[in-house]
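**Q** Below, the features straight out of TrEMBL:
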ACT_SITE  191  active site
ACT_SITE  345  active site
ACT_SITE  375  active site
DOMAIN    109-262  domain 'Alpha/beta hydrolase fold-3'
DOMAIN    317-378  domain 'Alpha/beta hydrolase fold-3'
TRANSMEM  7-25  transmembrane segment
C-alpha cells in the first residue's frame, strides 16, 4: 500500500507540475521548453506575490523586487570596460567606460532598464551584461540609470530621474570629461525603459536649456500608452510568456498610484473620461496599425469612465508617461528611431503605432518586427536561459546603433 500511495502521490505531483509549467507556446518560438520554464518561473513568482499581498504581509511589487534583487551583480571591471556606480544629478547610475583606445571623442548611450517602473536595476545580471557588451562593441560610454521605482515612488519621479541624468550628461563640461562626442549621444531602453527613453527624447525638444541634440533613440518593445488597453496585441497576447495583460495593467496603474480603483478601471478599459476623448485619435489602432497586425479585429469605440480618476491621477493622460499622446508638432522634430516589436507581446501595437506616426511625420524610423519573439526576449542573452532569439535581437540593435550613432 505504501508503495502505491507513494506512486499515486508522485503521479499527482507530476501532473500538477506539468499542468503548471505547461503554457501553450506559439509554434514559431524557438527553444519552447526554455521559454516555458522561464514563463512558469515568472508565473510562480507572481502567484507568490499575490498571496503575500492578499495576506497583507508585503506589497505585490515588493515581493517581486526582493526576487529580482537576487540577480544583482556588483560593478566589476574587466579587460575591455571599466564599470563603476556613481551619481549624476543625485540619481544613481552605473557607468561603463571602454578601455580601448579611440581616435577621437566616443559615442554614448543613456540606457533605461525595464521592469514596469516598479522592478529592475542597472545591476541585474542581464542588464549589466547588455550594457557592458554595448560599451565594448561600440567603444561607447554607457550610462545605465537606476531611477527610483514604484510603489515607493510614482510618476513623474521615474521620468524626472532619467530626465535629470540625461540633462546632466548632455552638458558640454560632462561630455568632455568623458570624452564623448556631443553629436553622437542616444537614449535607449526596453519596455518601461523604452517608454522613458521616448518621453525623454520628446521632452528635450522643448527644453531651451539643453543645447546638445540627441543623435538617436532606440526603443525596445516599449510601453507607450495606457489609454487603450484592449488593442489587438492585448487581446491576442493576454496570456503569452513573461508579460501577461493583467501584469501590464498592474504595472501601468502602479506607475501612477497604489489606489486599486485605477487598476480595476484600467482592467475594464474604462479609465479615460469623455472630456479626454480627443486623445484617442493618437491611439486609434484601426487608423494607425498596418493591416497584418489588425487581422480580423474590429475597432470598438472606447467606453468612457468617471472623471474622478483622471482628476486624481492625471499622469496617465500626460505625454511624459504616454509618449504616443504627443502631438504631431511635438513628434516631428524627434531624432531617428529604432523600434523593436515582438509578435507575441501585449506591447507590440504600441511600438507599431509609434513607428507609423513618426514615419508619417518624416522622422527616420527602423521598425524591426520579430515575428518569433515575446516580451523581454532580448534579456535572455546569457546563462542557462540563454536564447538564440535574444542574441539575434541584441545583435540587430547593436548593428543599428553602430550605423546610426
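Glycine is treated like the rest: Cβ placed from N, Cα and C.
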**Q** How far is it from residue 191 (active site) to residue 375 (active site), counting Cα to Cα, in Å?
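**A** Each residue's Cα considered, residue 191 (active site) and residue 375 (active site) end up 8 Å apart.
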**Q** Could you state the whole-number distance in Å separating the C-alpha atoms of residue 375 (active site) and residue 345 (active site)?
**A** 5
**Q** Starting from the Cβ of residue 345 (active site), draw a 10 Å sphere and report how many other Cβ atoms land inside it.
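**A** Excluding its own Cβ, residue 345 (active site) sees 28 Cβ atoms within 10 Å.
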